[in-house]
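Student: Could you have a look at this structure, given as structure tokens, before my questions?
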Amino acid sequence: MFLTLIAAIISFMVSAFTMPYFIKFYQLKKIGGQQMHEDVKQHLAKAGTPTMGGTVFLLVATAVSLLVSLFSIKNTQSLALISGILSIVVIYGIIGFLDDFLKIFKQINEGLTAKQKLALQLAGGLMFYFLHVSPSGISSINVFGYQLSLGIFYLFFVLFWVVGFSNAVNLTDGIDGLASISVVISLVTYGVIAYVQWQFDVLLLIGTMIGALLGFFCFNHKPAKVFMGDVGSLALGAMLAAISIALRQEWTLLIIGIVYVLETSSVMLQVFYFKYTKKKYGEGRRIFRMTPFHHHLELGGLSGKGKKWSEWQVDAFLWGVGSLASLLVLAILYVF
């Protein structure tokens, strides 16, 4: 526990110290910044804000985790677990980096196409499964305390879980500070679970990423001086999925990650309802003012028809939802 605290402090300090230099370099080189959605007019002023800040906190968290674990952890099984989780973080970070690179440096607005991104994510998920999950012999998922054996279909579950949550966190990263603190809340919850399970290797990884993310948040809160980009959001989502698998508490991510589930569900429901009503009535109709859900809140509060919410209000609401959901999971696991 003490080692994790030290690693978290080091990660925070290095991340917070390094980020201003990254931002300054970005600005000096006049690199194109984040593009904003025209439908949310209050965001247009952010156009050109440096992005890809996830590169910094991912490098910091990975480096600190590796250095501390190599010098302090002698158990080969623990080192294998750490390397497994870090591998999926790095792989998805590279996918996100490539997507950001194409958008910003090559001026390709969509970056990777949806098919290209999905293919790379599936390839990364397969590598994670065959190199780190399959050798462990795990083929069942924990469903509210009951082990559901999936056999060979566990492979498809892992792919769905990792790809799904990486994209879900990516959708959540739409306003200042929302994704970074939402992930911190999720990681703190998994840190408690890892501590109770005596999984101090996983706890070390969690601590270093929390520290690095908080260092990043110093420059990502409103008004944001930097965004994490796909390099950060895709990697963080994959990390949460991998941690839930490593701790054998897969089901908990549906509740701990309720914000990501809500954001993704809003997009899926909007698309389905729009297509359905267009086919039935000849015109597409919407459930939400705009998706993902955080934009709906910005444009008209919970009802979508009320007063506009500020980014801080949206952040506070969704952080609160995430915190309550996380407390519910801990209560289910250790109280009830």
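Just so it is clear, glycine is given a Cβ too, placed from its N, Cα and C backbone atoms.
Below are the features I grabbed from Swiss-Prot:
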type     : residues : note
TRANSMEM : 3-23     : transmembrane segment
TRANSMEM : 53-73    : transmembrane segment
TRANSMEM : 78-98    : transmembrane segment
TRANSMEM : 118-138  : transmembrane segment
TRANSMEM : 143-163  : transmembrane segment
TRANSMEM : 174-194  : transmembrane segment
TRANSMEM : 200-220  : transmembrane segment
TRANSMEM : 226-246  : transmembrane segment
TRANSMEM : 254-274  : transmembrane segment
TRANSMEM : 316-336  : transmembrane segment
Student: Test the contact criterion for the transmembrane segment (53-73) and the transmembrane segment (118-138): 3 or more CB pairs under 8 Å, pairs 6 or more apart in sequence, then answer yes or no.
Tutor: no
Student: Which sequence positions outside the transmembrane segment (254-274), separated from its termini by at least 6 residues, show Cβ-Cβ distances below 8 Å to it?
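Tutor: Same-chain contacts beyond the ends: 164-165, 167-169, 171-172, 182, 186, 189-190, 237, 240, 244, 284-288, 291-294, 296, 318, 321-322, 325-326, 328-329.
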Student: Using Cβ atoms and a strict cutoff of less than 8 Å, what residues sit near the transmembrane segment (226-246) while being 6 or more residues removed from its termini?
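Tutor: For the transmembrane segment (226-246), the far contacts come to 19, 22-23, 26, 34, 49-55, 57-58, 81, 84-85, 88-93, 95-97, 99-100, 111, 121, 124, 128, 133, 138, 158, 161-162, 164-170, 172-173, 179-180, 183, 186-187, 190, 194, 199, 202, 205-206, 209, 213, 216, 219-220, 252-253, 256-257, 260.
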Student: Residues sitting near the transmembrane segment (174-194): Cβ under 8 Å, six or more positions beyond its termini, same chain?
Tutor: 4, 43, 200, 202-203, 206-207, 209-210, 213-214, 216-217, 220-224, 228, 232-233, 236, 240, 243-244, 247, 249, 252-253, 256-257, 259-260, 292, 294-295, 298, 311, 314-315, 318-319, 322-323, 326, 329-330, 333
Student: State the residues, same chain only, that lie 6 or more residues beyond the ends of the transmembrane segment (3-23) and have a CB under 8 A from a CB inside it; answer 'none' if no residue qualifies.
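Tutor: Counting only partners 6 or more residues beyond its ends, the transmembrane segment (3-23) has Cβ contacts under 8 Å with 50, 53, 55-57, 60-61, 64-65, 68, 72, 191, 200, 203-204, 206-216, 218-219, 225-226.
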Student: Count the Cβ pairs between the transmembrane segment (200-220) and the transmembrane segment (118-138) that lie under 8 angstroms and are 6 or more residues apart in sequence, then report whether there are at least 3.
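Tutor: The transmembrane segment (118-138) and the transmembrane segment (200-220): touching, no.
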Student: Residues of the same chain, at least six outside the transmembrane segment (78-98), with any C-beta under 8 angstroms of its C-beta?
Tutor: 52, 54-55, 58, 61-62, 65-66, 69-70, 111-112, 117, 120-121, 124-125, 127-128, 131-133, 162, 166, 170, 200-202, 204-205, 229-235, 237-239, 241-243, 246
